[in-house]
Amino acid sequence: MSPLRIIVAGAGGRMGAANIAAAARHDEVDLVGALDRPGSAAIGKDAGTLAGLDPMGVLVGDSIDALLEGADAIIDFTAPAASVALAREAAARGLVHVIGTTGCSAADDAAIAEAGRSGARIVKSGNFSPGMVALTVLVEKAAAALADYDVEILEMHHNLKVDAPSGTALMLGEAAARGRNITLADHSVRVRDGHTGPREAGTIGFATLRGGNVIGDHMVILAGPSERIELNHRAQDRTIYANGALKAALWAAGQKPGLYSMADVLGLSD
Ligand SMILES: NC(=O)C1=CN([C@@H]2O[C@H](COP(=O)(O)OP(=O)(O)OC[C@H]3O[C@@H](n4cnc5c(N)ncnc54)[C@H](OP(=O)(O)O)[C@@H]3O)[C@@H](O)[C@H]2O)C=CC1
Ligand SMILES: O=C(O)C1=N[C@H](C(=O)O)C[C@H](O)C1
């Protein structure tokens, strides 16, 4: 089978470098383009150089139209507005679109879902590591089994992260809410400050820490009377996300248009 021709969007970013390096390691994909924001310092640079590798002969561009000709898939870890725009382009061309971008609003997510209904093969996940997808399965089961325990989700990331709570923390919150047959939006407590009063039973709490170069730490706590369960995940290298994103792209190439999750890719969805 010929390699999947991929474009890396956000090529100048932290995940852009990891995605370019992953593409260089995997024979099943061919990096045919690299994209960044108009005005970005990455424009015109070689993708390989940006990833700390030898030059790959792929220069970073800023025009979606020019780059998407001759591509099968977009690997996109950028920003919400860029991901929505790319999803529309993927729908118009019937492309695979792997979205790792977090911090999307409800309107952004609705636009991405619409692109999935209109021809794009989209895999979107707040976290592409297999360990994290497995953890969401455990959290759903634990929240169901310990239905009266308080669920709190703590995350820590590097000091350059711009959205909170992390996409992963929200994914874990959704898993706990599914386990309890409740809607996260109606039960989440994202911030506590001042005289909050006692904790409201049945809520799912979030706490956010930022500092240093932490790649991504998440802990789900189930606190009951006289005991506490802590489910932890610590990412040690961004390669784990990049490998997952490539796996998702290769899987989605064989699917019909739609919006899929990483649990679908790994065969863990119901
Ligand atoms: N789902 C997952 O597994 C993971 C998700 N993430 C998420 O991925 C996203 C990116 O993270 P990270 O790489 O650390 O962030 P960075 O800020 O390092 O990279 C983002 C890149 O996207 C570029 N960009 C912004 N707007 C556009 C645009 N319109 N078109 C093309 N490129 C654009 C930025 O350019 P410039 O800097 O010039 O603005 C930058 O190069 C975040 O939302 C993060 O939460 C991160 C890790 C794992
Ligand atoms: O911004 C990051 O770095 C990360 N973002 C994702 C998130 O918001 O959960 C995934 C990972 O935790 C790293």
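Using N, Cα and C of the backbone, Cβ positions are placed for all residues, glycine too.
Cross-referencing D30, D36, D148 with the NAD(+) binding residues that TrEMBL gives (G10, A11, G12, G13, R14, M15, G100, T101, T102, S125, G126, N127, F128) picks out D36. A 10 Å cutoff on Cβ-Cβ distances gives K161 (active site, proton donor) a total of 17 other Cβ atoms nearby, all chains included. A sphere of 10 angstroms centred on the C-beta of H158 ((S)-2,3,4,5-tetrahydrodipicolinate binding site) encloses 13 other C-beta atoms.
In this structure, none of the recorded positions H157, H158, T168 sits close to ligand 1 with a C-beta under 6 angstroms from any of its atoms. Ligand 2 lies within reach of none of the binding-site residues G10, G12, R14, D36, T101, S125, judged by a C-beta closer than 6 angstroms to any of its atoms.
With G167 ((S)-2,3,4,5-tetrahydrodipicolinate binding site) as the anchor, the candidate recorded positions are G12, R14, R37, T101, H157, and the one with the nearest CA is T101.
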